[in-house]
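According to TrEMBL, the transmembrane segment annotation covers A:6-30, A:37-56, A:62-80, A:92-110, A:133-154, A:161-181, A:201-229, A:241-262, A:268-295. Summarising the annotation, TrEMBL assigns region 'Disordered' to A:303-330. Sequence annotations record features per position, and here TrEMBL assigns compositional bias 'Basic residues' to A:306-319. Per TrEMBL, the feature compositional bias 'Polar residues' maps to A:320-330.
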Amino acid sequence: MGTDFVVLSLVPLAIGILVCVSCALLGNFLVLRRQSLIGDAVSHVVLPGIVGAFIVTGTVAAGAMLLGAGIAAVLAVLLIEIVRRVGRVEPGAAMGVVFTTFFAAGVLLLEQSDTSSVHLDVEHALYGNLESLIWLAGSAGWAALLDPAALAALPPQLPRLALVTFAVVLFLLVFWKELVIGTFDATFAESVGARPGPVSFALIVMVAVAAVAAFDAVGSIIVIAMFICPPASARLMTDRLVPQLAWSVVFAVVSAIAGYVLAGYGPLWLGAAYSVSAAGMIATVAGLILALACLAGPRRFGTRTAARRRRPPPRRASHHQSSISNSLQV
Amino acid sequence: MSTPTLIADNGRTLGESHPDSPLAVNGLTVSYGEKPVLFSIDFVVPKGAMVAIVGPNGAGKSTLIKAALGIVPRIAGEVTVFGAPYEKARHRIAYVPQRASVDWDFPATVRDVVLMGLYREIGFLRFAGRRHRERALACLERVGMAAFADRQIGQLSGGQQQRVFLARALAQEADLYVMDEPFAGVDAATERAIIAVLKELNGAGKTIVCVHHDLATVPDYFDHVLLVNVRKIADGPVATTFTSHNLQATYGGRLAAAHVEEVAVGREAAGEGR
């Protein structure tokens, strides 16, 4: 049992957790900036870049993939601007058209190219391939974790995602004040020289890096759930930013573990013969957590409007009333 | 449409002509798309003045201060702050945006928001310490909001939110305070509290510039006024500039003549010797 777990499940589980945590951390700022769909957009747009990079280089090396994804993202931004100006449509429509077109082009490229030698096909692009990231060298069981030769044979996605998660944490620590000020009040941020423009751009770049790194594990569709569900659930748990980030990490880890276990064993418990997609189940669990947070999260019961109406702070009660009626008139 | 001129007096630069002015603007022009929002605004804020920027909706009042502070791009014009380019004098300005421009549902406490005013002081790669927290609390004390330091900002009334913004500006310890509609949608108690703090700052030699929408309080609150409607209509001391003639020119037919007579500086008001 232990050996089976180490060979088959340890690495996919670790990768799933890293993907969920890195995406969730960045997702907090996407949700607060009301840019949740940026994660969606980025993950769609990078697909033709990833496929294109494979076609050109013949490998699924991380550097080539990131470069391809970056080129695709720049092209997409240019195209959105062109569609918006020439087509005279609103920005949302221009984005919608460009993202879906890019994604469709990526799928077409995938179908037309010979990618049978690597894990790169349409199914993979849709729901990733977490289950296949097994660690054959781990056959010694837990002892393999201390064996340098076995460690060297770890799937490369694991160290890559560990690095990306580390980079995300570092990014948040280094630019914390700038991210917070720019998210809350961009005009004030500009006035004090907190450079909200470059910081938001850096945030989007980090989102793209996380999305590309997550591609192997969860594909480019389900990753959206990883960006949005844990932070959105966490937002319903607290009114402070740092606790919100902590909650989002907890929800991300729970989604990854519960989703992976349920996908692997759930159908067997129910009498089905095959397990289901781990990435799909992780996203489903993340969605269920969000539903639960909506129904029962502390903020559901109103820490603001309801509280203000029901029990105004005793000392300033009359003042409160007048200010509310005042603001209604204006 | 002629291009705005950028020539400063006698070949001197704007900063050389007005080395003491907290904010000097020459030929400021801003446009969103093809529509000019502001056209060739020249304006020099006198040191120690309390200035109201007044004009109808859509006249470009907010845009004027945002463009002057480099928050929105200008297509022409020159700006100096205390005789220096804006970037070099940024630390001497505290800017207070419109309260409605931010999402008050943001997960932050009152103290967190005031700490943002200490952004430059805390410095890159550092976090707020006890000293900064105490400073923030002292600023909240000055606007009567210390009791709310740990409250989530969404739980505050509009007036309380505006006071938090003022506390954040106080934390910046600036020499020039630029405020966008600080009295919009606030209760009477907050309005009194804010004007008291502004007059106190002004008494300590600080310069205040406010976009202001309530014509009736202009003569009480301010000593200088800039009337603007895409172009500058007039600027100068309230006593001589805030006249019914200038207000009619600023608002066109949008302001009832009777109202103008009521608020403008009349013969009696001018004689008060402000």
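Every residue, even glycine, has its Cβ placed from backbone N, Cα and C.
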Worksheet item: Is the transmembrane segment (A:201-229) packed against any residues at least 6 beyond its ends, judged by a Cβ distance under 8 Å, and which are they?
Response: 12, 15-16, 19-20, 22-24, 26-27, 29-31, 36, 38-40, 42-44, 46-47, 50, 60, 62, 65-66, 69-70, 73, 103, 106, 119, 124-130, 133, 157, 160-161, 164, 167-168, 171, 175, 179, 251-252, 255, 279-280, 282-283, 286-287, 289-290
Worksheet item: Under an 8 Å Cβ to Cβ limit, what residues of the same chain, 6 or more beyond the ends of the transmembrane segment (A:241-262), are close to it?
Response: 9, 12-13, 16-17, 19-21, 23-25, 27-28, 130, 172, 180, 226, 229-231, 233-235, 278-279, 281-286, 289
Practice prompt. Verify whether three or more Cβ pairs under 8 angstroms connect the transmembrane segment (A:37-56) with the transmembrane segment (A:161-181), leaving out any pair fewer than 6 apart in sequence.
Written response: no
Worksheet item: Between the transmembrane segment (A:133-154) and the transmembrane segment (A:62-80), are there three or more C-beta pairs closer than 8 Å, counting only pairs 6 or more apart along the chain?
Response: no
Worksheet, complete the sentence: Within the same chain, the residues 6 or more beyond the ends of the transmembrane segment (A:92-110) and with Cβ under 8 Å of it are 37, 40-41, 44-45, 47-52, 55, 72, 76, 79-81, 83-84, 120-122, 125, 220
